[in-house]
Amino acid sequence: MDAIMEGPKNNIISVLTDPEGRTLGTTFDLPQDAGPKELHALVNAVLQNEETIPYAFYVEDRELLEPLGSHLLKHKVSVEQVLRIVCQPQAVFRIRPVTRCSATISGHTEAILSVAFSPDSKQLASGSGDTSVRFWDINTQTPLQTEVVHKNWVLCLAWSPDGKYLVTGSKDGEIILWDPSSCKPVGPALKGHKKWITALVWEPAHLETPCRRFASSSKDGDVRIWDAVLRKTVTILTGHTLAVTCVKWGGDGLIYSSSQDCTIKVWETSQGKLVRELKGHGHWVNTLALSTEYVLRTGPFDHTEKTFKSAEEMKQAALARYKAAKRDSPERLVSGSDDFTMILWEPAVGKHAKARMTGHQQLVNHVYFSPDGRWVASGSFDKSVKLWDGFTGNFIATFRGHVGPVYQISWSADSRLLLSGSKDSTMKIWEIRTLKLKEDLPGHADEVFTVDWSPDGRKVASGGKDRQLKLWMS
Amino acid sequence: MEYNPPLLDISKDPAQDGLAGDNYVSRASYAGDNYVPGEHRDVRYVHASDLPGAKPQGDHIELHRKRYGYRPDYFEKKRKKDAREVHKRAAFAQKALGIKGKMFAKKRYQEKATMKKTLAMHSERSNRHKVDDQVEEGAIPAYLLDREQTARAKVLSNTIKQKRKEKAGKWDVPLPKVRPIAEDEMFRVVKSGKRKSKQWKRLVTKVTFVGPGFTRKPPKYERFIRPMALRFTKAHVTHPELKCTFNLEIIGVKKNPNGPMYTSMGVITRGSIIEVNVSELGLVTPAGKVVWGKYAQVTNNPENDGCINAVLLV
């Protein structure tokens with residue numbers, strides 16, 4: 001180790017690898033004062049990228065923030081072997097953290113239960129306990145339209161990835177389709193479920209555009225696939241014995257459903273057959289997260305404000321984004337449960353758990369993959385948010401600061417910031433690079449039930465028990 | 001005039017307490033077999049059928065029927081009479097004038113109303129009803145349904161009124177007035193010295209709170225003795241809105257109504273304001289700061305109960 005500091009210019013033999021482990025280029029003799037900037041230029045040159053993409057460098061799972069020599073000395077890394085430096089591409093755009101509440105809009109007469117931005121970030125919809133669905137104008141920060149069509153609490157909201165439909169589910173099992181351009185419901189309610197709707201999810205845009213099919217899960221134990229154009233149930237996926245808590249539509253066409261009967265079932269959508277059953281949890285499975293979830297939700301839209309002229313163009317754009325997010329590894333699924341643990345699965349490959357993520361001291365309420373799939377964040381009722389590695393499931397850090405159970409979490413589109421909303425009426429923004437609290441967003445008078453970060457990263461919307469919808473800006 | 005009903009003595013025979021009406025029959029006197037002539041009995045409570053010889057007016061008809069049977073056309077006559085009854089009733093209803101008519105009409109209306117109700121009740125069985133689910137209060141998101149959550153303390157509201165009160169220094173406390181405690185009740189004289197004639201030491205007889213860094217003065221010089229048995233660190237604090245009680249640590253004694261000397265000594269009596277550590281309640285101010293200390297007022301006499309009960313001042 002001392003040999004490094006003795007000579008004037010001792011070089012370190014190193015090899016650059018990508019996150020999956022493949023080497024980029026050959027072994028390099030790097031000077032010991034090479035820092036992240038020099039490596040960044042090197043990687044871009046080696047990969048011959050047209051536009052320089054920012055990278056984050058990791059030596060043995062620790063981020064490289066200072067010149068190589070001092071980093072190795074500090075962390076006592078051996079130089080006997082060839083040094084492996086993992087290069088993680090980061091998002092090109094950078095999102096500014098939101099700092100202030102730009103608007104508090106009242107309107108709902110009961111607690112706000114769900115809030116969602118459209119995939120192109122142009123519209124905002126919220127559902128509440130007063131059975132109304134409200135559309136909000138983001139630019140003027142005022143209410144746009146209020147519709148009372150549901151007969152009971154509006155529990156779930158989901159925008160179609162192409163932005164053409166909004167679907168809402170309520171406590172009496174009814175589903176209503178909306179046309180966002182006119183803010184009016186499309187036809188009467190879709191009835192079928194016998195108990196309340198727990199989750200709604202659309203088919204990914206790269207599989208079919210314009211978006212037609214969506215799936216809904218309910219307390220009665222069924223998952224139904226609906227066709228928005230035909231306005232009826234296409235397939236019913238029965239099998240769960242207790243309530244289905246969450247449903248996700250994967251990019252390869254498989255549907256994943258988690259239930260209170262401690263299992264996760266994997267279904268194929270053409271015939272509605274059960275492909276696999278993932279067993280491993282000891283108590284209710286509350287939530288699911290897919291590694292490509294953010295990309296599937298936003299469809300063809302990304303941080304550039306592009307408009308698409310045809311459905312075919314949208315499909316191609318969505319497919320390109322999906323391929324970039326997925327790369328070559330199979331889709332990963334993380335499930336959070338009441339037994340205080342989470343499990344990382346690769347459902348397309350096998351039915352055995354890849355990693356078990358323990359550490360929480362209370363039930364895990366919400367798990368969410370970062371948009372680039374590198375991290376998984378989990379919010380739990382033990383007042384903490386934990387960050388895990390998205391590929392291996394290793395624990396990285398805990399974010400402590402909330403004084404009440406953490407209800408929902410949301411990522412910024414560049415995967416650098418994490419937002420958490422809690423029962424203690426505050427929201428907190430955590431920075432991934434420094435693993436510390438970035439911003440504290442107090443202001444709600446009561447519990448915060450739902451948070452959403454717009455896909456373009458400009459605004460955050462939050463709603464809760466105090467019936468006010470708050471819009472936050474930087 | 002307030003009516004005080006007399007208290008009932010359960011041991012006595014209810015018939016003899018003078019509260020029963022004239023029609024009440026004492027149990028022992030029911031069967032005529034038990035009657036013994038000459039036995040002392042209150043005449044008011046004897047059933048008429050027990051008196052020898054005398055019979056009520058209806059009974060002789062029954063007796064005659066038992067002995068001789070019915071008239072041959074009795075049942076037919078009865079049936080026809082009952083059939084005509086309906087017409088007679090209707091004629092009366094239409095012809096009756098004046099107060100008689102009004103009284104009959106009122107009675108008839110009541111009869112009809114009760115009949116309609118019973119008919120409706122009987123037809124409920126085959127009726128079909130529209131199921132109308134009421135929208136319940138207290139909407140919660142999907143991930144909280146199926147979970148029983150305990151009600152939690154609402155976030156502090158910093159309303160304008162509260163700000164004004166804070167400025168004025170007046171607080172709305174649950175116990176505005178308490179009994180004043182005299183010095184000789186608070187302190188007990190402790191005699192010291194070789195001849196036990198010096199009487200300058202005092203022993204505090206009420207519950208006290210001393211902070212965590214408390215060290216006694218040298219025993220020779222300390223004037224006020226605070227016994228360790230009467231020192232408490234925790235209080236049972238009730239949240240007035242949630243109606244649940246927490247065991248919270250005391251941070252300090254803010255004010256004792258009996259005087260500033262007792263406040264500085266840390267004496268806790270009924271009505272004194274103490275500051276408690278509320279970090280476990282998870283309260284957050286609108287500005288986002290976590291509240292860790294709040295005031296509470298003591299509601300019991302801790303020296304009698306052995307514990308400090310207080311109500312949180314929200």
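The backbone N, Cα and C atoms fix where each Cβ goes, glycine too.
Here TrEMBL flags A:20-72 as domain 'NLE'.
As annotated by TrEMBL, repeat 'WD' applies to A:105-146 (among others). Per-residue pLDDT, averaged along the repeat 'WD' (A:105-146), amounts to 91 for this model.
Per TrEMBL, the feature repeat 'WD' maps to A:147-179 (among others). Counting residue by residue with DSSP, the repeat 'WD' (A:147-179) contains 0 helix, 18 strand, 15 coil.
What TrEMBL lists as repeat 'WD' is A:190-227 (among others). Long-range contacts of the repeat 'WD' (A:190-227) within its own chain (CB-CB distance under 8 A, at least 6 residues past either end) are made by residues 152, 155-162, 164-165, 167-177, 233-238, 240-251, 253, 255, 257, 259, 267, 269, 272, 296, 299-300, 311-312, 314-315, 318-319, 321-322.
Residues annotated as repeat 'WD' in TrEMBL: A:237-277 (among others).
Listed as Cβ neighbours of the repeat 'WD' (A:357-398) (distance under 8 Å, sequence separation of 6 or more from its ends, same chain) are residues 19, 61, 88-91, 283, 286-295, 325-326, 329, 332, 334-344, 404-411, 413-415, 418, 420, 422, 430, 432, 435. Sequence annotations record features per position, and here TrEMBL assigns repeat 'WD' to A:357-398 (among others).
Annotation comment: TrEMBL describes A:399-440 (among others) as repeat 'WD'.
What TrEMBL lists as repeat 'WD' is A:441-474 (among others). Secondary structure counts, DSSP: the repeat 'WD' (A:441-474) has 0 helix, 17 strand, 17 coil.
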Contact call for the repeat 'WD' (A:441-474) and the repeat 'WD' (A:147-179): at least 3 Cβ pairs under 8 Å, seq gap 6+: no
For the repeat 'WD' (A:237-277), distant same-chain residues with Cβ under 8 A (at least six beyond the ends): 195, 198-204, 206-207, 213-225, 283-290, 292-293, 295-296, 322, 326, 331, 333, 335, 337, 345, 347-348, 351
Other parts of the chain folded back onto the repeat 'WD' (A:147-179), taken as Cβ under 8 Å at six or more residues beyond its ends: 110, 113-120, 122-123, 125-135, 185-187, 189-202, 204-205, 209-211, 214, 216, 218, 220, 226, 228, 231, 296-301, 311, 314, 318
The repeat 'WD' (A:190-227), counted residue by residue under DSSP: helix, strand, coil: 0 helix, 18 strand, 20 coil
